[in-house]
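**Q** Here TrEMBL flags A:4-337 as domain 'WD repeat-containing protein 54 beta-propeller'. Sequence annotations record features per position, and here TrEMBL assigns repeat 'WD' to A:253-294.
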């Protein structure tokens, strides 16, 4: 197989990546020829801004927050950029709550505290799963299974909690919004949990549950929604493709030998990226035939990151021309571009 | 993160500690009655009812420093003494061994099987002592009660919590280097071959279905690895074949055991200096578990035979000796001799291995010389 991608120079980060699902977020800022990356390390988020010419890198670290204390040792579960038409926000979810920053991490615009019990309970409390939905919503999952819907104005800090969706009973693992850009898709958001249950939603003043796809007792650690198709990665190493609104299973892939930690889609080309604890990153291609509504998946490429348990993998652009990878205990962001 | 992590961390690290001590006591031909007493005293302390009650409460993981204090006290729960350097090496070995086991578990739930492997071995150490055996059995029951019903996702959260605790630890361990499971940079080798975890299919198959649920296409892709079907599932009961070898005793009688400190890390950006060494001159991080550990009484020997020294970590390559002492407060002559020898080997400014009550006895003796 001719090499589809080749390795580029890695970006060094200030501290190593923790073993957390979806532990890499990428924001491409075309007007400034910059790409931002975030990688979570325990209670800190490492942010790196890289210029496209490869000459300039700048670093910033954000810390978790707790109550009235500015910095905390509470662990961060996930960090992700939410791209809305009017603004981009960086969202951090931790054991104590949800922090939202301006996209460069310079100012915190909103803090939402979770209800944490006085003495620890057997069920851990944390927020995890982040998605920007349509024009003005940011949705965040919680360990109780709730999905919090925040209403975000086009500027300023007047962000409000507008709704709490109670459908899942297990901790939320990941969430994704429709990323094809098509306005025809009915489903706007998919949420996944530790039992593998997938909920498909339509956004609005009141979010509407379109479908609930039952799990098979396996955690779904990463999920994507593209052209109405739910792409789900599981702890068993399987990837499944479901038609969101109907729940029809279109494809089942025995993709990895270990727990899947990250999925990403390049919306313009239908390239799919999957990464797992088995050290492998795989690139696939999705095609959806509009007439038959059939979904096909084809394997294209493998990349082995030797002796690493991968925890984050994302495309750096909408075509899938380049992708970046993080691994547990690694203090670098490894990059690949098409040959 | 997970509030159920501390018991697994403590039991597995404790198990590794016992493997190492057992191996050294045997390798140095310590009389079996003395060796057995050391092992029994430590195991009794590890599984003390009050201590376990506190351990099993849902709580966040202790910091590295706090947990080190607990193990310092556990290591001194018998008539055996270790100096600072010995304790450091012991702790390095214990933590790197468990880090390895956690990383290599095929699926997160297998961490429980690793724990059972340690428990099975501990049970074997005390099989002749019914009183301690019953403590161990009680711990098994608690483990079964709390952990067997947890989901895969909850075990993964436990695993992720453990991996944060072990983050950035890359101490090279010679037994791992020799077996080629660790690279010279301190990172573990992750094989891309062998049996897949229980519940996982070998990678390679894509199945596609029509809207009516019919399989319409089947394609094989090249997965780049060399995986085989999963082995049978290990037993999650009180007795049974655990199947996995992770967590079993990797120290055979004749193998020397030592650690190499990894020195300055090559990649400066990852070198976060975490001080896990308790400074005996400063206040210990006194957490509740450590307090409970320190307050536990262990019977002192009543006979007056003199103590003797044991090399805990002597190697052929490096002539580095670390002393283990057996303290008998009734034999002044031997104590003076031992204290004098200990004085020759401890680092400047470091006058005591621990500040527990037994350490205070030693300090008092040294002051009297």
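Every residue gets a Cβ built from N, Cα and C, even glycine.
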**Q** Could you please provide the mean pLDDT value for the repeat 'WD' (A:253-294)?
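**A** Mean pLDDT, the repeat 'WD' (A:253-294): 94.
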**Q** Residues sitting near the repeat 'WD' (A:253-294): Cβ under 8 Å, six or more positions beyond its termini, same chain?
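**A** Residues 4-5, 19, 21-24, 179-181, 221-224, 226-227, 229, 231-241, 243, 300-315, 317-320, 323, 325, 327.
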**Q** For a three-state summary based on DSSP, what are the helix, strand and coil counts in the repeat 'WD' (A:253-294)?
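**A** Its residues divide into 0 helix, 26 strand, 16 coil.
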